[in-house]
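Asker: Pasting a structure below so you can have a look.
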Amino acid sequence: RVLAVFDAEALSALGSLEDCDSGALRHITRRFLERLGPTDYLRLGVGPEGSAQTLHLIAAQEELAGISRSLFISIEVTARLFGGLLKGFCNSSTAAEIAQSVAGGGTIGAVGVTEPPRVDGEEHAAAFSRVRDSVIASADKDFVTNAPIADWIAVVLDEGGDKTICLVRPTQEGVTVGPRMKTLGYRGLAVSSLTLRNVEVPQELVFGPFPESTLMDFLRQTEDLILSAASVGLMNTVIAKAKAHAQSHRRGGKPIFAHQEVRFKLAEMLTLYQSSQLLLFRAGWMISTGKEERKTLVRCAKVFASEAAEKVAGMAMQILSGHGYLSGNPIEQAYRDAKYSAISGTTSERARMEIADDVLARYG
C-alpha cells in the first residue's frame, strides 16, 4: 500500500526535490504525508509502546528510502521522532490531537535537541522557568530537520539535570527559525537552526521532566534506526543503477559487466547491502521483542550500514565513471547523501565506543 502512493506522477514530482525552495518543499511533503495517512505507515512503530511493530516497519522504511531519501527522512522525523515523543511522553488533550493529525498525515513535525557548539567560555542562552500556568523558555538548537516547513516543533530542554519537552509553533512570538542550511547531501531536506527567546509555552504543551536517559535513549535509538534504513535503501537503489549501467553500456569493446573488476565490485556491493539489511532487521527484531542487547545492535547496524553505504556509493561511481560524476546523476546524489548517516544521530566514533563499553560489560 505504501508503494502504491508513488505512482509515475508522484515520482516525477520527487525528481525535482533537490531544487525546491522551502515553500515548494512544504507543499510536496504535506502532499505525500496526506497520501501515506490512509496506509497506516505513519502509525507503525510510533513511540516506546509501538516498539513491537518495529520489525514490520523496517521493510516499508527501506522501500521508501529507496524512492526518495530526503522525503524519507522528513517523513520519519515527523512520524517516528516528533510523533513518537507525542505518543510516548506528551500526555494532554492538545498533544493527543496533534498526534492524531500526525498519524493521519495532516501535520509536519520537527524535533530540536542538539545545541550548537560553544567556544571556550561562551555561555548558551538556555533558560527555563515555570511561571504559574506556563513556562518561559530560551534556547538555541542546531540542525533541526523540518524546522523551515514544520507546523509544530518539539523542543527538548534541560531542567535540573532532566529533560523537558515544549511544543511550540514556528510562528510563535519569540520563536525564530533560521535560514535553511545548504548541505552537501540530502538537498531535498529542510534543515535550519532554531532560536527561542523568552517564549511563553502554556502548561498543556509542556511535558516532563523526564530522566535524561529515558528520553534521549528513545530519541537516539529511533534516529539511528531511521538512518540505518536510509543507508540500506540507498545501497539498494545504487546497486540497481550500477547494474543497469554495466549491462547497457560498453567499454573497451565489450559490455562493462563483462569486465572482471566490475563484476567483483558488484559482488562486493551486494554483499555489503545484504549484510547491512540483515543487521538492520536483526536490530529491529531485538527492539520488537525487547531483547537486552537491542541498543547495542542498533549501534552496530548504524555503524555498519552507514559506512557500507559510503563504500557502495563510491564503487558505483567507479563503475559509471564520468557518467556517475555528472551533477544530478542518481549516483552522484547518492555519493553526497551517503556521508550523512555516519555523522548524524550517534556518530560512528561514538557508536563504536558504546559498542565497546557493552562488550566489556557483557563479557568482561
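Counting starts with 1 at the first residue shown.
Every residue gets a Cβ built from N, Cα and C, even glycine.
Quick paste from TrEMBL:
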{"type": "DOMAIN", "residues": "127-199", "note": "domain 'Acyl-CoA oxidase/dehydrogenase middle'"}
{"type": "DOMAIN", "residues": "227-359", "note": "domain 'Acyl-CoA dehydrogenase/oxidase C-terminal'"}
Asker: Please list the DSSP helix, strand and coil residue counts for the domain 'Acyl-CoA dehydrogenase/oxidase C-terminal' (227-359).
Answerer: 112 helix, 4 strand, 17 coil
Asker: What average pLDDT is reported by the model for the domain 'Acyl-CoA dehydrogenase/oxidase C-terminal' (227-359)?
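Answerer: So the average pLDDT across the domain 'Acyl-CoA dehydrogenase/oxidase C-terminal' (227-359) works out to 94.
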Asker: DSSP helix, strand and coil counts for the domain 'Acyl-CoA oxidase/dehydrogenase middle' (127-199)?
Answerer: 3 helix, 44 strand, 26 coil
